[in-house]
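Q: Below is the structure I would like to discuss, written out as structure tokens.
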Amino acid sequence: TSVSASSVPITTSGTTPTESFTTTSGTTFSNFTPTTATTTTTTSESVSTGSPTASEPTATSSVSLFPLPLSFQTQPGESWWLCNCTKAICIEDNIVQVIPIICNPPPKPTCSNGLSPVQVIDADGCCWHWECDCYCTGWGDPHYLTFDGLYYSYQGNCTYVLVEEINKTVDNFGVYIDNYHCDARDVVSCPRTLIVRHETQEVRIATVKPNSLQVEVTVNKQAVALPYKKFGLSIYESGINRVVEIPELKVNVSYNGLSFSIRMPYNLFGNNTHGQCGTCNNNTADDCMLPNGNIAENCETMADHWQVVDPSKPQCSPGLIPTKAPGTTPVQPCKESSICELLLGSLFKPCHGSVNPEKYYTACVFDSCVLPNLDLECSSLQIYAATCADQGVCIDWRSHTNGVCSYKCPSDKEYRACGPIKEITCKSSQQNETSTKQVEGCFCPNGTMLYDSGVNVCVETCGCVGVDMIPREFGERFTVDCQDCICVEGGYGIVCGPHECAKQSKTSCDGEGFYEVNEVNPEDSCCPIVTCKCNTSLCTTKAPKCALGFEVHSHIPSGQCCPVYQCVPKGVCVHQNAEFLPNASVFVDKCQNCFCTNEVSTSTQLNIISCEYIPCNIHCGPGYEIQPVKGECCGRCVQTKCVIHTANNSDLILNPGEFKNDPYNNCTIYSCVNIHNQFISSTSEITCPAFNEDSCKPGTITLLPNGCCKTCAPLDNPTPCSVRQREDFIVYNGCRSVDRVLLTECEGTCGTFSLYSAEANSMEHSCSCCRESRTTERDVELKCPTGRSISHKYIYVESCSCQDTECSNSQSNELQTTEENDKASTLNRIKRAISLISK
């Protein structure tokens, strides 16, 4: 066959012309898609399976002919695509021309946002062209770079549209930002929540702690775990960022709490965006577009018009007075932070050719001057470093900030300024190794890898990780959640079965207060053990109420639950329902000084109160005694006896009812009587009858019983016991008989002796008393000082006899205790002495 070649111009979407050529191949085909041919040429029937390259086109090639299948019919001029960017064109009479598409690189354009353009495959899937992606960022308090690279700052504290479509091609698509005033003066604001809406889902990435890299993610107001993938939307962690991706739209939105970035493809969103991120058309002139399509004089004014209704911010509503446009420089000049100077220094110099640092430096200076205490300048360095990494330049900058912009990772991970966008895991392929883009964040140490994107555990070997988040090797047996498990390769990885417990002996809790309870077995936490626990509220014995000075002590005997109570002394004194500590003063009365001692009474078991009376300097004269006075401490001297001055200037002290002879003159008798607390003393003189000693027989002169007068002693036997009569006045209670009354008494001698008994080796006594043997009661009328007469009974002795009595030294007057008996006895003795004198 003959071979012919002709040159047909083909234009790529990158505007670079290529040349077609014909070739020969013996390969047949059965499936292809016919298209309308745009050029015609004559060639032999052929099919090509070779891949096009970017090298110079080949001028000649061989052609082979083959019949078309009967099931496929085309018209001359129709074309269709074969594999590997090869186009087939029907010429005529079953002649097919095969044209490989050759793409020459188009010229690289300049993007207004300063970033590098990206290669985009043409619609035919063969050639590519350059496009400037829509890339918008925001950071700090906050500063914005629009899709086309226009820089401005805006301090509104409402919720705003960052980007929405002008002409809606995607259902419910938009990105929004919720700002808040981040200083006390309400001068500047910071991003708080980034909101992404797509169809039925609303993703919120909210800052947990102000001015920090801690965020949480919710979808439709429900917290979700990452990675999350549902309804064409995925959310995952990429270094310090949380990323929302919509693969169908090739949309990538990231946020870390301090800064955000939005990347969208130009071919899907070019000339069709508005909001605070501006219009994506590689032209900054219309970036400050208002919702009505007009262009504002500056983007600070434009930003106010993109408020959205937020129920949580009633003060914010579209149409309210716009926020005053802030100055991009502080009112008072200040020295910028040394951290900002890093942006212009040698540290970031490798990135200066890819991303201009001036706008980031301006924002950094503004933040360091307006909010010097919030370290917001770190966000300018962070977003600049992230943009550099997006352009393929990774810079480790945090270690040069003297700890101001440090980032702390969990103990099981390490910080890297240049880590993979998606970390390699045991469950993923090595697809990320070919990516040149990097991000900063916390990554597994060298020698380990992440087990899975949803299981944040670093492992040395890819075995199993269960709910306990502990790495296991294949074949390892373990117990978790009371299941006996084994890590196996393949399938679900971990196979578990019920945990078997060892047999236990039965425990009985019979004692008072004990009850059964299931406790965790320290040897096997999955198998509870039955133990006896003590609950004192189940005990029936109650604590007693102790007396004053005692307190309740309790102890639980070994092996028992219920306490045993007893009242024990407190070691205090008790007086009048009060307790006193040892050495404390105790008031008993005002006449005593008392204190609580440490000495304990054996009878009461309480401490003893020791008291001392307050000394009284009172001395009473003879016949007077100190007697207490109610309400007084020392009392007073009260007469209790009669004081009688004798003729020889001596004093005699007599008790009431007592009479006594003068020590120097037995013929003088003194007596004392107490009448109505009046002590009356009397002196009686005995007048002796005339006595002639010569009339007495020799040796018979003796004294009368009064001890005063002399007489002759009789020689016969002593006078026997008999009744003797006398007359005298009767006085009773101050009343006196009118006349003398006949009184009788017993008088005489009775047998009384004291002998030594040799047999008993002691003295034997025999006492006999002359006393009444028969008496009668008689009445007498007494006259009282008031003139009243009373009838009084007295005893009249009819007969006397000697009667045995005990030999004792006791005196009969000790039995007479009443005042009346003392008075009567004293008066009777005085009268008797007088009568003896008269005799």
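Cβ atoms here come from the backbone N, Cα and C positions, even for glycine.
Unlike curated records, TrEMBL annotations are generated automatically.
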Q: From the disulfide entries in TrEMBL, identify which of Cys688, Cys800, Cys802 pairs with Cys746.
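A: Cross-referencing TrEMBL, the cysteine bonded to Cys746 turns out to be Cys800.
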Q: Would you mind checking which of Cys708, Cys709, Cys802 shares a disulfide with Cys750 in TrEMBL?
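A: Here TrEMBL pairs Cys750 in a disulfide with Cys802.
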Q: Can you tell which of Cys712, Cys721, Cys735, Cys807 is bonded to Cys784 by a disulfide, based on TrEMBL?
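A: Of the candidates Cys712, Cys721, Cys735, Cys807, the one TrEMBL pairs with Cys784 is Cys735.
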Q: Taking only same-chain residues 6+ apart in sequence, whose CB is under 8 Å from that of Cys802 (disulfide bond), what do you get?
A: Cys721, Gly748, Cys750, Gly751, Ser768, Cys769, Cys770
Q: Could you round the CA separation between Cys746 (disulfide bond) and Cys735 (disulfide bond) to a whole angstrom and send it over?
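A: Answer for this pair: 26 Å between alpha carbons.
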Q: Give the sequence-ordered list of residues that share a chain with Cys735 (disulfide bond), lie 6 or more positions from it, and have CB atoms under 8 Å from its CB.
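A: Sequence-distant Cβ neighbours: Leu782, Lys783, Cys784, Pro785, Ile790, His792.
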Q: Minimum Cβ neighbour count within 10 Å among the disulfide-bonded residues Cys746, Cys800: which residue?
A: Cys746
Q: Among Cys750, Cys784, the disulfide-bonded residues in question, whose Cβ has the most other Cβ atoms within 10 Å in this structure?
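A: Most Cβ neighbours within 10 Å: Cys750.
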